[in-house]
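> My questions all concern the structure below.
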Amino acid sequence: MKRIGVLTSGGDAPGMNAAVRAVVRKAIYHGVEVYGVYQGYQGLINGNIHQLEAGSVGDIIHRGGTILRSARCPEFKTQEGQQQALKQLDKHNIDGLVVIGGDGSYRGAKALTERGYPCVGVPGTIDNDIPGTEFTIGFDTALNTVIDAIDKIRDTASSHERTFIIEVMGRDAGDIALWAGLSGGAETIVIPEDPIDMESMKERLMKGLKRGKRHSIIIVAEGVMSGNELADKVKEMTGIETRVSVLGHMQRGGSPTARDRVLASRLGAKAVELLLANKGGRAVGIERNELVDYDIIEALSLPHKLDLDIYQLSKELSI
Ligand code: F6P
């Protein structure tokens, strides 16, 4: 490996910049040139590729978003798109590619791997839904953003003795809702992994009211239903008037937490190590604070596991 590329793709996540920095600096440290691919797979197809020096990634470790920018790229799902991308990699003499992103980005890396091109996937998404790693880059920061919002909403909820529904991100995974629910002290958490049971939700709300609870916080992951839909259902079943807050894309922004910066630095550097050892077709992750790597094709076939202990605990503590 004389020259490697790096791209960020899919929904951006705080800490992606720290991961890009780690890839660039680690590679240069080992005498390897690095090229940044701008705008994700779209930029790969279009040849939006430029050399990065150690200084190109200075002053970015604390910044949210991604300096390489990101895109969702349907064209890359086609044969033509993938062939075009491979042509660009060949034209720029790039011997291996680090892909930082979520499940869609991994599928892109898998497609290149299946065509014989060495890629390493680095999990970067606020959703925490990538198999083969306990935590993804950006999850911790998003979680802290959500908790900050819950704490603020709790102030007004308690002043007005209201029930609030807070809709958080998570299309297919309930990790943000679950972890924010536990650490924000929510009464009820609604996640895609567990079918919603309106009867038991009603029971919990009523029980809380009976024992003098003056306000409640319900967290719903957007993948289940919108906050407004849930508000209608709660009203219909219990007569309780709620207020809804949709946190939306603010969850994807902000300066990464120390935890995300460290995770991003470790995973970015590990990805380069694998490429330098000629180990393409891998996905890196963290398990029990140890860095791990899997065959990327195998990793994609593993199910994402919700932490059931945390789920159970959240139920026990929100009585
Ligand atoms: O995958 C990250 C994520 O933020 C999801 O939680 C959310 O459903 C989705 O991206 C939103 O994507 P977009 O910004 O393309 O609308």
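Cβ coordinates are placed from backbone N, Cα and C, and glycine is handled just like the others.
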> Quick one: which of Arg69, Arg154, Arg252 does TrEMBL put in the ADP site with Arg21, Ala22, Val23, Val24, Arg25, Gly185, Ala186, Glu187, Arg211, Lys213, Arg214, His215?
Arg154
> Of the candidates Gly11, Gly15, Gly170, which one does TrEMBL list alongside Arg72, Cys73, Gly102, Asp103, Gly104, Ser105 as binding ATP?
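Matched candidate out of Gly11, Gly15, Gly170, per TrEMBL for ATP with Arg72, Cys73, Gly102, Asp103, Gly104, Ser105: Gly11.
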> Of Arg25, Asp127, Arg252, which binding-site residues are close to Gly102 (ATP binding site), meaning a Cα within 10 Å of its Cα?
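Taking Arg25, Asp127, Arg252 one by one, the ones whose Cα falls within 10 Å of Gly102 (ATP binding site) are Asp127.
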> For Gly185 (ADP binding site), which residues in the same chain are close in space, meaning a Cβ under 8 Å from its Cβ, but six or more apart along the sequence?
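Sequence-distant Cβ neighbours: Ile150, Arg154, Ile217, Leu317, Ser318.
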> Which residues in the same chain, at least 6 apart in sequence, have a Cβ under 8 Å from the Cβ of Arg72 (ATP binding site)?
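Spatial neighbours, sequence-distant, of Arg72 (ATP binding site): Ser9, Gly10, Gly40, Gly104.
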> Taking the Cα atoms as reference points, how far is Lys213 (ADP binding site) from Asp103 (ATP binding site) in Å?
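On Cα coordinates alone, these residues lie 40 Å apart.
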> Considering the binding-site residues Val23, Cys73, Met169, Met250, which residue's Cβ sits among the greatest number of other Cβ atoms within 10 Å?
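Output for this query is Val23.
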> Are there binding-site residues among Val23, Arg25, Thr125, Arg171, Glu187, Met250 that sit within 10 Å of Gly11 (ATP binding site), Cα to Cα? If so, list them; otherwise say none.
Thr125
